[in-house]
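Novice: Submitted below is the structure of interest, expressed as structure tokens.
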Amino acid sequence: MSKAVGDLGLVGLAVMGQNLILNAADHGFTVVAYNRTQSKVDRFLANEAKGKSIIGATSIEDLVAKLKKPRKIMLLIKAGAPVDILIRELVPHLDKGDIIIDGGNSHFPDTNRRYEELTKQGILFVGSGVSGGEDGARFGPSLMPGGSAEAWPHIKNIFQSIAAKSDGEPCCEWVGPAGSGHYVKMVHNGIEYGDMQLICEAYDIMKRIGRFTDKEISEVFDKWNTGVLDSFLIEITRDILKFDDVDGKPLVEKIMDTAGQKGTGKWTAINALDLGMPVTLIGEAVFSRCLSAIKDERKRASKLLAGPTVPKNAIHDRQQFVYDLEQALYASKIISYAQGFMLIREAARSYGWKLNNPAIALMWRGGCIIRSIFLAEITKAYRDDPDLENLLFNKFFASAVTKAQSGWRRSIALAATYGVPTPAFSTALAFYDGYRSERLPANLLQAQRDYFGAHTFRVLPECASAHLPVDKDIHINWTGHGGNISSSTYQA
Ligand code: NBP
């Protein structure tokens, strides 16, 4: 009979699983490692895990038998069907109150479903976002757990011990119920798409309009990394741009300019549309990858479709040009995070989740791909007011955007003048100008819909009259020959 000595069981010995096990062992926990392909367990025990508080399991039964109660079993396996298969295999061996944690990139509706099913069976289920890649898993990831709240006291110590620390605080807190942990991870990944796209646009403008070399652009990122943009992604961009191939030429310029967009970025954009939230920057970041992917078509179009050419002296003041771009990047980033938190707020409302907003910002401050100085300010904003309606209503961010906006507008105008695409910069500014507009042209849109589809409209209270009553759906016979019947179903 196996002895129940394990604090944590971990299933899945690929890159994330192995590193998280080593991390947990370094923090004094005894981890029981299991993998579908047994040879990987044997290899791991004989190498990286040797001499550490890590024991192997030869079967699901063996794994369960080696864990202290309530058992805590974390899955770090391929998302999708494998998670359902493994849960089905595990459950018959578990007792009520045992805990299954899915640490993979599962889609939150799947986590909602698994949470419901397992709750009925008395098993506590946690869906946890894990970010930071291989290095994060090994030395401190950002962890975003949500699901059965009763599980949190049992896993809190392990999770907060192995998580990254930011100013001494663990980048891990309880997010909320059901699939909310995976939801927050999904939005994190969407924001990551946006941050990367913004950086790419700044690089493209410096290259194509400023005619900077990669080394010069690297120096700009190096400088930016000491200011408000200080972040992991700016830091790695700096290093990528100064990395030469064996022939002394920048390696990045030899890389095919096509990118994929499966998974969490796409899910975030789809969810934003489902919830009716204008998360435009992440949407543009996903579409930019789609545009990059049609390389052959772009190649043909580049020969056929004309645009402005960039003169050699397009930039008169390099310092101002770089300063403006920094402001454009900073302001757009503020908009992207404001949109991300708008989406989280709407999800909480739509799905009936009570979410911990200050903790979400805190969890993203360290360990993960979007870690940055900037997130300290977001954490502060939500700590000062956990129910903050919009990040842009916070004094610090409102004033930061106000200060940044002339450089932001100049950068976008310059790029448009010379035909350099800036989908993320531009959509961020369009959102900002739309958000701060008390009146938008949707009045005309409503009139058009009523004209062709009898879709009705509402009238502004100050314009109400006997034939245009307030708070009533009104249909007008715009042409004199249309009917007076309004549509109750047609949605244009
Ligand atoms: P992978 O996503 O490559 O998954 C490989 C693991 O899944 C192996 O242990 C494999 O076992 C196991 N597996 C598969 Br495939 N089908 C299985 C099944 N039906 N039953 C049991 N096990 C099965 O590993 P990863 O890159 O370490 O990522 C793990 C999770 O963490 C994923 O959900 C991933 O999206 C997420 N994630 C990854 C990163 C990253 O940087 N890689 C970052 C953040 C989150 P086998 O050895 O027997 O084939």
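Along the chain as shown, the residues are counted starting at 1.
In case you wondered, yes, glycine gets a Cβ from its N, Cα and C as well.
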Novice: Let me know which member of Asn47, Asn105, Asn112 TrEMBL also records as binding NADP(+) at the site of Gly12, Leu13, Ala14, Val15, Met16, Gly17, Asn35, Arg36, Thr37, Ile77, Lys78, Ala79.
Specialist: Asn105
Novice: Taking His182, His455 as the options, which does TrEMBL list with Asn105, Ser131, Gly132, Gly133, His188, Asn189, Tyr193, Lys262, Arg289, Arg449 at the substrate site?
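Specialist: Same substrate site in TrEMBL: His455.
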Novice: By CA-CA distance, flag whichever of Ala14, Thr37, Asn105, Gly132, Arg289 among the binding-site residues is nearest to Lys185 (active site, proton acceptor).
Specialist: Asn105
Novice: Within the set Lys185, Glu192, Arg289, which recorded positions show a CB-to-ligand 1 distance under 6 A?
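Specialist: Close enough to ligand 1 is none of the recorded positions.
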Novice: So if I draw a 10 Å sphere around the Cβ of Lys185 (active site, proton acceptor), how many other Cβ atoms end up inside it?
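Specialist: That number is 32.
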Novice: Which site among Lys78, His188, Arg289 has the most other CB atoms no more than 10 Å from its CB, taking these as binding-site residues?
Specialist: His188
Novice: Looking at Cβ-Cβ distances, which residues of the chain lie under 8 angstroms from Gly132 (substrate binding site) while being 6 or more apart from it?
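Specialist: For Gly132 (substrate binding site), the qualifying residues are Gly140, Pro141, Ser142, Ala164, Gly367, Cys368, Ile369.
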